[in-house]
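Only one structure is covered here, and it is reproduced in the block below.
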Amino acid sequence: MADSFKIDFQAHGKVESGDLIVFVGENLKPTAAVAKQLGPKAVDLIAKAAAAESFKGKAKSAMSIVVPTGLSVDRLIVIGTGGEKDRANVDFAQLGGLIAGKVNGKLATVVLDLPETEVSPEAAADMALGAQLRRYSFDRYKTKKKDEDDGKGGGRLVFSVADPAAVKKAYKAREAVQQGVILARDLVNEPPNVLGPQEFAARAQALTKLGVEVEILDDKAMKKLGMGALLGVAQGSVRGGRVAIMRWNGGKANDKPIAFVGKGVVFDTGGISIKPGAGMEDMKGDMAGAACVVGLMHALASRKAKANVVGAIGLVENMPDGNAQRPGDIVTTMSGQTIEIINTDAEGRLVLADVLWYVQDRFKPKFMIDLATLTGAIMVALAQEYAGLFSNNDELAERLTAAGKATGERVWRMPLGPEFDKMIESKFADMKNSAGRFGGSSTAASLLQRFVNDVPWAHLDIAGTAMGSPATEINKGWSSGWGVRLLDRLVRDHYEAR
Ligand code: BES
Ligand code: MN
Ligand code: ZN
């Protein structure tokens, strides 16, 4: 990310140059401390400019005063914090992103003193994280750089805070998360010719430099393990499949690990049940679950999380081919259960069936959470605002829901149960891989559940949130890196030794 900010934290003091950012409520007055720093003339100027611009101090609104009289800065940028209700639930990452979208100089200083709102060191660090995520763009394949710089690249962003040391410390952990989100975004954005199963596995392997142990299973190893469902999907591609297993051991030696599993279909044509052409290019993002797991492992390892964590991703390409699997085929999974293929486009569940089983069998984890761009149906239910959450465990579901509220990566619990499970019964095998349109996300989740024994498990259907979701203040691009912040938060809040 070439255009990120250089972030600094400093103690409150006079600001002489660049952009100066201050906050006001609906009364258009900055806090007493900021008013004192600016002087009465500048406070008056804000009120006058607000009247001229019809700026009301509403939450998420902003006003710029260019070369403000009486101050030596280039611009005074005034951000509204709204009324009491708005102040009660500020999303600091989004607020940081908003600010990043307003500044355009070489230097900008944000005076972190909000009217009647406490800004903890954690919140300040979240703002810096949000500002950095806002700056992300994926332009690796644009050979012609923009003629004139759009003025939005680089620069220094300084946060003027009460306790710079505390914020610096909190931001160190956020920087790890930031890199994890950006890694996930990059992986999803990469074109599918560049990122096949093997190349993706190599990106996972690169985490060894952070102290992550990585193992790669190739087709031969998977065959030996009996991963017939994953291999059935992979067999239509000349590129073969891979499973990458990443282990971060930051917890106590005998502590059971927590586990994250990702769908990594590097390109989903649908296979023999081929998809329509329009929009098929988006299916390069069908590995967003795997990208999130790699990004999360990167974040946890670089902030040296005090937890034992396993990340496992199933990497395949779903292609139509002379050797591709057919509707009607029956595959035998690693668990021994058989699956009748009804639709070769319902491939993600086949991949996950084997990887979930493998992880549960080998690692006996405390819990397993899988992430997958699994069904179009989840967008029919939840648009691109929430990820679908399916779980066999209320505590895990509640913790995920809380982490979702805290990070803005929201999840909504969806049903599992015998009704849905019955719908995937097959005439010829133990189950079938597609039950048609009705309840499509729940029947997909039900198939996954057949590969999960007693371990607490949650499945996140991220088909809507991982890519092409509506722009926010911290994400202006196609891929969002969804899930890295959510799961980092879950780990931080509940699964780290203190
Ligand atoms: N990768 C797709 C789901 C998807 C669709 C993700 C759109 C992101 C955006 C998945 O493999 C798929 O094709 N699912 C089918 C299942 C059906 C054949 C039972 C679907 O949702 O149509
Ligand atoms: Mn598919
Ligand atoms: Zn898919």
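The backbone N, Cα and C atoms fix where each Cβ goes, and this holds for glycine too.
As recorded in TrEMBL, the features of this protein are as follows:
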- Lys275: active site (ACT_SITE)
- Arg349: active site (ACT_SITE)
- Lys263, Asp268, Asp286, Glu347: Mn(2+) 2 binding site (BINDING)
- Asp268, Asp345, Glu347: Mn(2+) 1 binding site (BINDING)
- 343-350: domain 'Cytosol aminopeptidase' (DOMAIN)
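TrEMBL feature annotations superimposed on the structure.
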residue: Lys263; record: Mn(2+) 2 binding site; contacts (Cβ under 8 Å, 6+ apart): Asp286, Met287, Ala288, Gly289, Ala290, Ile313, Gly314, Gly348, Val351, Leu352, Asp370, Leu371, Ala372, Thr373, Leu374
residue: Asp268; record: Mn(2+) 2 binding site; contacts (Cβ under 8 Å, 6+ apart): Lys275, Met283, Asp286, Asn318, Asp345, Glu347, Gly348
residue: Arg349; record: active site; contacts (Cβ under 8 Å, 6+ apart): Ala372, Leu374, Asn433, Ala444, Leu447, Leu448
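For ligand 3, the nearby recorded positions are Asp268, Asp286; that is, of Lys263, Asp268, Lys275, Asp286, these have a C-beta under 6 Å from one of its atoms. A 10 Å cutoff on Cβ-Cβ distances gives Asp286 (Mn(2+) 2 binding site) a total of 28 other Cβ atoms nearby, all chains included.
Sitting within 8 Å of the Cβ centre of Asp268, Asp345, Glu347, and not among those site residues for Mn(2+) 1, are the Cβ atoms of Val233, Val265, Thr269, Gly270, Gly271, Ser273, Lys275, Met283, Asp286, Asn318, Thr344, Ala346, Gly348. Each of the binding-site residues Asp345, Glu347 was assessed for Cβ neighbours inside 10 Å, and the highest tally belongs to Glu347. The domain 'Cytosol aminopeptidase' (343-350): residue composition by secondary structure is 3 helix, 0 strand, 5 coil, according to DSSP. For the recorded site, Asp286 (Mn(2+) 2 binding site), the DSSP three-state label reads coil.
Close contacts with ligand 2, defined as a Cβ under 6 Å from any of its atoms, occur at none of the recorded positions Lys263, Lys275, Asp286, Arg349. Taking Lys275, Asp286, Asp345 as the candidate recorded positions, the subset whose CB lies under 6 angstroms from any atom of ligand 1 consists of Asp286, Asp345. Note: the Mn(2+) 2 site is recorded as Lys263, Asp268, Asp286, Glu347; in the same chain, Val233, Gly264, Val265, Met283, Met287, Val316, Asn318, Gly348, Val351, Ala372, Thr373, Leu374 also have Cβ atoms within 8 Å of that site's Cβ centroid.
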